[in-house]
Amino acid sequence: MGTRADLRILPAATALWGLAVLGIATGVRIQLLAMLALALLALLVAVCVRRPRVLRAVGAHLVLLALGAVLLVPATGRQEAAALTLEDAAGSGRILEAQAVASGDAAASSSSLPGAQDRRQVMARLPAGPVRIGVDAAMLWASSSVLLTGDQETLGAVRDHDHLRLRATVASADGFVVLAVTRLEVVSTPHGPAARIRESARGSTSDLPADEAALARGMTTGDTSGMSESTEEIMRRAGISHLVAVSGANIALVLGAVLVPCLLLGIPRRPRLVLAGLAGAAYVALVGDEPSVLRAATMAAPILVARFLGVRVSPLAALSATIALWSSLDPARAASIGFLLSALATGAILLLAPVLARALVAVSGERVSRTWALVLAVPFSAQAVCTPVLILLTPEISIWAVGVNMAVAPIVGPATVIGMVATVLSPFVPGIAHVLWQVCAGGAHLIILVARTADGLPGSRIAVPEGAAGVVLALGVLALVVIAALGHRSRAVRFVLAAVLVAVLAPPVYQRLPLPGSGIQDWRVAACAVGQGDAVLLREDAARGEDPATVLVDTGPDPDALRRCLDRMQVQRIDLLVLTHPHADHVGGIEALTGRRTPLAQWVCPLPEAAARTVPGAPTQVATTGTTSRQGDLGLEVLWPPSAATVREASSRETGGEDDDFNDCSVTIAATWPDGTRYVGLGDLEPIAQAQLLAGGVREADVVKTAHHGSRRQEPALYDALSPQLMLFTAGRDNSFGHPTAQALGIARREGAGSARTDVDGTVVLTSDQPLVPRGVGRPG
């Protein structure tokens, strides 16, 4: 079947897929409007073109869309009804009683906040069927994925595929339906052959290094229990997170592992195809209903059947049929991230990779063979097409992702096949299985080593815009790649691509130049002008090296404003982030800290609520009085707060009428440089907390970041004890609070201290040679 035939159902399948994703995201009404718009567009094309061939194609696609819509719209309606039922439970605060099936083992929380060590969480599926919300009976019309949370006693024993009966309160967070479980009963645990094989695999790998064993099982059966969060994060940034779980490629490996030996043994075509089909079905039963595995299995089924009947079927046609089928029958699964990435990558390999390979051969003057061109084009095309979706998950990219995939490809296939053999043998011949698992874990070790090496290279964490802006940017780059591949012979195309390349590369070059109009390179302190909020950079002396350690205290309210300040101060790495307290004007800019700017560590105040606003993937530590750190030659010490209880006691005596719990939890730090210069940042401490800080004993400081942006609520005696020579006021220009107030500015005058204000001076910079002489850079915040 030629290329023209391959594409016959692709437009209709893609349209159904888009409608499924749209319906799950927005509901049936918008889905129906989109269907009507598509139908009108198709009719408009038919009327305008009026060619028989076009009319036949439009009619065929409309028929396919109509047939799919008959199934898609009711399925989307059921999914929407289920979501509304759970939203009703969340809004009313009533208890939900339901059945559930665990989608993994209960895992401990990665947070280091008080009490987090005893918390457990696990993804689960609520099957369609009756539930109870409070005293009322209700119905879930479709299966729904949820996140279960609870303490160790409640969730600690939950294992993958367990059938559960639970009572829980319902909430929504970060796009998940979250069930806080108050009571749970394990109704049944799986005891079939698949469960025994999975359990034997765990036993056979129990004495291997945790990360390597988890990756070996993950590549084989999808069981990644025991893998550290840091290793998962490194593999994600390196572009090989698909190896952490089973994927569609596993189906290809299973079929190949059966078909190749059968072919070598001379087994006839039909029996070997039957054996391959049975092996594929058994593998799906073993690993469960992973979206990418179901996509691959559904795609493989018609190809195997057609080959059994002696008919050739195009893989692209099989992929199109698979997309149309799942979009119509189960739009929620078709809209899942796993299905999206799997289908996009497969489509890119079938459609884009051959075009890129031909272009590479032509551009190289055939110095690159077609085989090597395909080796380069396959991972590149898959990564390029998946990048827009990946940006929605994490707004950063790595220039090494394609290279990493190429480097590990020769390891992944053999290691996975060996792991599959070990999985099958584990219940029956554990000794041999253990040896095979060791070989597989050796391959996993090499994969992790490649990922860690790539993660430490420049360009491994390039921040990109979040949300729609990042997706549009990625789609633009993808469009340029396609244009370059199709039009590489055109001089005009080459000229335009060169101009785009210069435009893209110029900003990073400019950012490496000295600060415009300032000449400030040896700065120690930079109070960023980010509006009404705090974002203060502290840095060790630049003379120690080209990449001095940098500490960021708070992020301000706006990610864009923080990015501008980090760019201006040429900060590409954050060694430590101190989030003084979880108010928006102090943590609202954390979305700017992605890519290489993801902090290596972060401190938060001891209130449990501080966990809600931190940088994902960065190790978190509760900072209390006496906590210390050394960043190069810069010493840090936490002066306040001693504990959450002390914070609550102090805030109970405040009289300001604000959210004093959070303000009085402000992590107050002292930073000291080798020449003795001392900086103290007071966060948003209120007067009672300031007085208690004073009562605990404080040393003099050369520079003090005034409490609460210079509000009127200050404890003058604290400033007397600190005796600063310079006071920093971080406030927004023309802010509605009147910060800094006359009372706060009066304290500076009374202390004989200089004043520097971000609302007047812009970003305030202090240098190592003149640490008490403030200089303004840029516009006031």
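Keep in mind that glycine also has a Cβ here, set from the backbone N, Cα and C atoms.
Per TrEMBL, domain 'Metallo-beta-lactamase' is recorded for 532-708. Residues or ranges marked as transmembrane segment by TrEMBL: 7-24, 30-49, 54-75, 243-265, 300-326, 338-360, 372-393, 400-425, 431-451, 463-486, 492-510.
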Winner by Cβ pairs under 8 Å against the transmembrane segment (400-425), considering only 30-49, 54-75, 372-393, 431-451: 431-451
Six or more residues beyond either end and a Cβ under 8 Å away: which residues meet both conditions relative to the transmembrane segment (300-326)? 1, 5-10, 12-14, 16-17, 64, 68, 251-252, 255, 269-270, 273-274, 276-277, 280, 294, 333-334, 339, 343, 346-347, 350-351
Averaged over the domain 'Metallo-beta-lactamase' (532-708), the pLDDT of the predicted model comes to 90
Ranking 7-24, 372-393, 431-451 by Cβ pairs under 8 Å to the transmembrane segment (463-486) puts first 372-393
By a Cβ-Cβ criterion of under 8 Å, what residues six or more beyond either terminus of the transmembrane segment (30-49) are in contact with it? 15, 18-19, 22-23, 55, 58-59, 61-62, 65, 69, 72-73, 76
Residues from the same chain, set at least six apart from the ends of the transmembrane segment (7-24), whose C-beta lies under 8 A from its own: 30-31, 34-35, 38, 60-61, 64-65, 68-69, 72-73, 76, 79-80, 316-317, 320-321, 323-324, 327-328, 331-332, 334-335, 340, 343
